[in-house]
Each structure stands twice: as structure tokens, then as C-alpha cells.
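Taken from Swiss-Prot, the feature active site, acyl-thioester intermediate covers 142. Residues annotated as active site, proton acceptor in Swiss-Prot, with sequence analysis given as evidence: 235. Among the features that Swiss-Prot reports, active site is placed at 237. Among the features that Swiss-Prot reports, substrate binding site is placed at 163, 192, 249, with the record citing sequence analysis. Residues or ranges marked as site 'Important for acyl-CoA specificity' in Swiss-Prot (evidence: sequence analysis): 111. Summarising the annotation, Swiss-Prot assigns site 'Important for substrate specificity' to 192.
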């Protein structure tokens, strides 16, 4: 089944061109099926680009998914047209009464700020608490993952001496995990962050399982069965040119930045970069959606009533 998104959403044209199965709203209404309800709290500056990246991965699932785009209510976006936000997004306050099978929280380029200095931190903590009662399975990305790890487990983030930037090798530590079905033992993933969480800071009794990590960039993917949560500290959703655009932006602005690690062929930024993580990105999101489908209650109202129910 395809992903259901608004007919006029800019991502639709991109996804159709790429061959992703997209369902129009009229067709979705005719089908006698309950689509999975997935929310995307988009904290990235370029919201159109980010919503397209996640819709691409979600839309590859054979299950019908209805994607709801969500934004912080008290934060004014500077890089996305206001009419786009009004047309396609709901504030968290507007969706708070609803239940979701899955909910994704993206990264945000604010990792060097202490959490308490983030202008929307109070709302963010309310959202994180809300996921425990209104979401069957949560998927946190990069800064979103660090914020959730801090909020739920007190795991701090640490500032790096230099930006972890490029494509780095990662270990598959849990090949039997349903989230990593089909994954290679060793894989390359994009990383772009100034901070990190450290394995030594993860409480022994936290119930967090290290699914993937890297000798160079540390923890990558944690799973928490008791809370139905995934914490992805890297940008597996990035498309082929995301790191290039970040690099070109910093070079143009005169910001000291190294060439992204193992991203360009021969580390030559004049050559087109290679995407070596695309298949694993599709696998991870497909596996997550499949797990959500198998374990979520058919009646959305039952989500949150049994907090001990967990993905296995």
C-alpha cells in the first residue's frame, strides 16, 4: 500500500517522479482499511526537504500509511514559507488529542545549546511525555534522539572537538533484532553533528539496547523495548546531496569545515558524492513500520492503555 499525503504537498511530485507509491486522498477514502497513523514532528529548518526525505522512506512500505506533519506551536520557522506550514502542518497542540501508531521526531541544528536554552524546550518535554500515552512507537532522530535520551534517561550530550561529518562505518550489534532484519554486518551511514552521547553514560538498568555503533562516532541506534522507542543519533534519512549542501554552505560562509569523511569519491569535493546508505535507510524504516503494524492495537483509542506492551 502507498503513503497518503496531501495532494498538493511538494513532496508528492518528487516521490512520484522517483517511483514511490503515493495515494491521493479520494482513493484513500474509498479503501476499507485503517491506515497506520504516523506523525512527523519536523524540527529541521528546511521543512520541505525533510518531509520529503521521511515521506520517501515511509512510502516504500507495502502498508498504507497516513502521514501527519506536525510543528512546534510557539516557534516561528525562518526557512519555510508560512503558507506551506499553514496548509500542510498542524501544531502539536492541535494533534495532541489524537493517538498515533508511530511518531517521528527529527533532528534540529541546535545541538550546541543546553537543552534548557532551546526556546521550545518546555513544549518539547511536554511532547516527549505525551508520546508515552498517545503513541505506540516513537522514533527519535539526531538531536531529537539526544533530547529524548536526556529526558527519559538523563543521558547527557557532549560537545565534540570537531564536527563528526561524513559517512562512517557502523557495526550491526543485533542482527536478530527485527529492526535490523536484512542489514549487513558492517555498513556506512551519514553523520552530521557537533555533539555525541557516550556508551559509558547509558545507565545499566535503562533497558536500552545498542543496535548499532561506530568506533569513530559512537552510539548510532538504541532500542528501548519498554517504551517502544528507537533512538537514531545520525541522519540515516539524508539523501545523496545533503552533506554536500551543508559543506558548500559552510565553505561559502567562511566557516572552518573539513571535507566530509569518506563521502566524495577520492575525498574530492568536485566529484559527485556516492550514496552508500540508501538501502539501509529503507530497510530500517520498513522494519520499524512492519513492527508497528504487527504490534499496534487496531483500535487507536487503546494506545497508551497498556504501557507495558512493547515491540519485541
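We count from 1, first residue shown onward.
In case you wondered, yes, glycine gets a Cβ from its N, Cα and C as well.
Taking the features listed in Swiss-Prot, we show where each one sits on the structure.
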residue: 111; record: site 'Important for acyl-CoA specificity'; Cβ within 10 Å: 19
residue: 142; record: active site, acyl-thioester intermediate; Cβ within 10 Å: 27
residue: 163; record: substrate binding site; Cβ within 10 Å: 18
residue: 192; record: substrate binding site; Cβ within 10 Å: 19
residue: 235; record: active site, proton acceptor; Cβ within 10 Å: 24
residue: 237; record: active site; Cβ within 10 Å: 25
residue: 249; record: substrate binding site; Cβ within 10 Å: 11
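Secondary structure at residue 192 (substrate binding site), as computed by DSSP, is strand. Spanning the listed substrate site, residues 163, 192, 249 have a farthest Cα to Cα distance of 15 Å. If you take the Cα of residue 237 (active site) and the Cα of residue 163 (substrate binding site), they are about 19 angstrom apart, rounded to a whole number. Taking only the Cα positions, the spacing between residue 192 (substrate binding site) and residue 235 (active site, proton acceptor) is 7 angstrom. For residue 111 (site 'Important for acyl-CoA specificity'), the nearest of the recorded positions by C-alpha distance turns out to be 142; the candidates were 142, 163, 235, 249.
Each residue in 165, 243, 246, 247, 250, 257, 260 lies on the same chain as 163, 192, 249 and has a C-beta within 8 Å of the C-beta centroid of that substrate site, without being one of the site residues. The recorded positions recorded for this entry are 163, 235, 249, and the Cα of 235 lies nearest to that of residue 142 (active site, acyl-thioester intermediate). In three-state terms derived from DSSP, the residue listed as 'active site, acyl-thioester intermediate' belongs to neither a helical nor a strand segment and is classed as coil. In the three-state DSSP reading, residue 249 (substrate binding site) counts as helix. Between the C-alpha atoms of residue 249 (substrate binding site) and the residue listed as 'active site, proton acceptor', the distance comes to 18 Å. Counting in whole angstrom, residue 235 (active site, proton acceptor) lies 14 from residue 163 (substrate binding site) by their C-alpha atoms. Under DSSP, residue 163 (substrate binding site) is assigned to a strand (E or B) in the three-state scheme.
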